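Data first, discussion second: the structure below is written as structure tokens.
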Amino acid sequence: MDKTIKILLLLGTILRIGFLLYGLWQDKHMLVKFTDIDYSVFTDASRFVNQKQSPYERATYRYTPLLAWLLVPNITVIPEFGKILFIICDLIVGYYIYEFLKMFKVTSKVMIISLTSIWLLNPFVITISTRGSAESILDMLVMATLYCFATKRLILGSILYGFSVHFKIYPILYSLPILYMLDSNYLGVKAKLFNSARIKFFLLSAGTFFLLTGIMYKIYGMEFLNETYFYHLIRKDHRHNFSIYFYQMYLSMSVTESFFSKILGLLTFIPQMLLIVLIGLYYYKDIIFCCFLQTYVFVTYQKVCTSQYFMWYLCFLPLIIPQSKLMKKPIQAILLIIAWVATQAIYLSSAFKLEHLGQNNYINIWLTELLLFVANIWIIYSFMKNNNNTPIFSEGKINPNKITKPIEYKNK
């Protein structure tokens, strides 16, 4: 580990400790708590596990039992153990980002530091982890998976991928582009459609997923499958969130759900899944950009979307910026950032009036969600239009033209 990443990790750690300590103060002295309500859910589930009971005794626990097992020290050691764990995973993601940028031969030291700081020194990212959101665990697993594939550790990468999908189902989106990526460019030799790398990936990742899922099913039964996986297919959250479907779900909560309304709920997955499959087929050679785009589309079209979900695609952002033509279009890049931040701020302002001032402004919230949706579509389109779609792998190794050919940087 070189000096640069050590300094960045140290700064990131100091900031996270500061946010963590501030959060403890706010929780004690202010009406609006800093700690995410989900952290209380995790802790309660861990308490049940510690008492040899099911974590699903805690209403609204919708995660793999592994998370509750991991956080048992919340009960037996200190209540902040989980937050510390999330911070560590958060920092590991930053380390992987730094290593990827070096691997892609970004030649400017200043550029590498700036891009790594997008994650490590980002107050949004820091806040999510220190509030007690577990998203950094999954971000770490996904980044570790891709890093293993990039360094040709196919077996470990496949196992980590299976673990990731078990932990939270959405990384299954990456299965198609990963399978397609394992071609002649990746292997460095002429490869068949059903080559050994693809077979290994399929068997090991699927085997890991089904092994873990089978163990959890053996212990907790059908309740585990219903709460961890099936629930998310039919989930309806009438409380305000970033989804464009929020108002429709809010209105439907007051009537008995018909068969038609259930079908309509499932139909919302069609545009989401169609776009994700098409992106996977078109961008699979540029696997990291592909994962970024698939995740961004998945989050944007979700039936239920909270700010934690943004972490799923933000971890890829520092890795796709160097190859983007937006690097040569600073005005457009700034406008995209403003659009992403401003539309969220407008939404949060309306949500605050509902949540804390008691104003009946559901229509206004929905309109701000539509505005946010349009902004996200513009951002997605801009990244697609300005991506050079250069394959990551060529002749069995990292493509030397991935970064340095499309955009030249001067050494610093």
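FYI, residue positions are counted from 1 along the chain as it appears here.
Placement of Cβ uses the backbone N, Cα and C atoms for every residue, glycine included.
What TrEMBL records for this protein:
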type	residues	note
TRANSMEM	6-25	transmembrane segment
TRANSMEM	66-98	transmembrane segment
TRANSMEM	110-128	transmembrane segment
TRANSMEM	169-189	transmembrane segment
TRANSMEM	201-220	transmembrane segment
TRANSMEM	263-284	transmembrane segment
TRANSMEM	296-321	transmembrane segment
TRANSMEM	333-352	transmembrane segment
TRANSMEM	364-384	transmembrane segment
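Residues 36, 38, 93, 97, 100-101, 104, 115-116, 118-119, 122, 124-125, 128, 133, 135-136, 138-139, 142-143, 170, 173, 235-237, 241-243, 245-246, 249, 265, 268, 271-272, 275-276, 279, 288-289, 327, 344, 373, 376-377, 379-380, 383, 387 of the same chain, all 6+ positions outside the transmembrane segment (296-321), place their C-beta atoms under 8 angstroms from a C-beta of that stretch. Contact check: the transmembrane segment (110-128) against the transmembrane segment (6-25) gives at least three Cβ pairs closer than 8 Å, residues 6 or more apart, which meets the contact criterion. The list of residues near the transmembrane segment (201-220) in space but at least 6 beyond its ends in sequence, with Cβ under 8 angstroms from a Cβ of it, reads 54-56, 64-66, 154-155, 157-159, 161-163, 165-166, 175, 178-179, 182, 228.
Segment contact holds for the transmembrane segment (169-189) and the transmembrane segment (263-284), given three or more CB pairs below 8 angstroms at sequence separation of 6 or more.
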